[in-house]
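Q: What follows is a structure written as C-alpha cells; I'll ask about it next.
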Amino acid sequence: AICTGADRPCAACCPCCPGTSCKAESNGVSYCRKDEP
C-alpha cells in the first residue's frame, strides 16, 4: 500500500502515512503533516 509522506500534498489515491494527518494550509492546499504530540 502506498501512503502520502509528511509534508507532501494530500492525494485522493493515497491516505497520509501513519503518524501524519491531512491539514489545510493557508495557500488552500492540504498537506500531510506530522501529528502534534
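Each residue, glycine too, has its Cβ placed from N, Cα and C.
So Swiss-Prot has the following annotated:
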DISULFID  Cys3-Cys17  disulfide bond
DISULFID  Cys10-Cys22  disulfide bond
DISULFID  Cys13-Cys14  disulfide bond
DISULFID  Cys16-Cys32  disulfide bond
SITE      Ile2  site 'Important for the neurotoxic activity'
SITE      Arg8  site 'Critical for the neurotoxic activity'
SITE      Pro9  site 'Critical for the neurotoxic activity'
SITE      Cys13  site 'Critical for the neurotoxic activity'
SITE      Cys14  site 'Critical for the neurotoxic activity'
SITE      Val29  site 'Important for the neurotoxic activity'
SITE      Tyr31  site 'Critical for the neurotoxic activity'
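Could you give the neighbours, burial and distances for every feature on this list?
A: In the three-state DSSP reading, Cys3 (disulfide bond) counts as coil. Here the Cβ of Cys3 (disulfide bond) has 14 other Cβ atoms within 10 Å, regardless of which shown protein chain they belong to.
Cβ neighbour count for Cys22 (disulfide bond): 14 (other Cβ atoms within 10 Å of its Cβ, all protein chains included). In the three-state DSSP scheme, Cys22 (disulfide bond) falls into the strand class.
Neighbour count (other Cβ atoms within 10 Å of the Cβ, all protein chains): 14 for Cys14 (disulfide bond). Classification of Cys14 (disulfide bond) by DSSP places it in coil, neither helical nor stranded.
Counting Cβ atoms from all protein chains shown, Cys16 (disulfide bond) has 22 others lying within 10 Å of its own Cβ.
Neighbour density for Ile2 (site 'Important for the neurotoxic activity'): within 10 A of its CB lie 9 other CB atoms from the protein chains shown.
Applying an 8 A CB threshold to same-chain residues 6+ apart, the list for Arg8 (site 'Critical for the neurotoxic activity') reads Tyr31, Cys32.
Around the Cβ of Pro9 (site 'Critical for the neurotoxic activity'), a 10 Å sphere holds 11 further Cβ atoms from the protein chains shown. Taken residue by residue with DSSP, Pro9 (site 'Critical for the neurotoxic activity') is part of a strand.
A 10 Å cutoff on Cβ-Cβ distances gives Cys13 (disulfide bond) a total of 7 other Cβ atoms nearby, all chains included.
Of all Cβ atoms in the shown protein chains, 9 besides its own fall within 10 Å of the Cβ of Val29 (site 'Important for the neurotoxic activity').
Using a 10 Å Cβ-Cβ cutoff, Tyr31 (site 'Critical for the neurotoxic activity') registers 18 neighbours.
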Q: Of all the disulfide-bonded residues here, Cys10, Cys17, Cys32, which one's CB has the most other CB atoms within 10 A?
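A: Counting Cβ neighbours within 10 Å, the top one is Cys32.
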Q: Work through the recorded positions one by one (Cys3, Cys22, Val29) and name whichever has its CA nearest to the CA of Cys14 (disulfide bond).
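A: Closest by Cα: Cys3.
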Q: Would you list, in sequence order, the recorded positions among Pro9, Cys10, Cys16, Cys17, Cys22 whose CA lies within 10 Å of the CA of Ile2 (site 'Important for the neurotoxic activity')?
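A: Neighbours among recorded positions, in sequence order: Cys16, Cys17.
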Q: What is the interatomic distance between the Cα atoms of Cys16 (disulfide bond) and Cys3 (disulfide bond), given in whole Å?
A: 5
Q: Cα-Cα separation of Pro9 (site 'Critical for the neurotoxic activity') and Val29 (site 'Important for the neurotoxic activity'), in Å?
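A: Their Cα atoms are separated by 7 Å.
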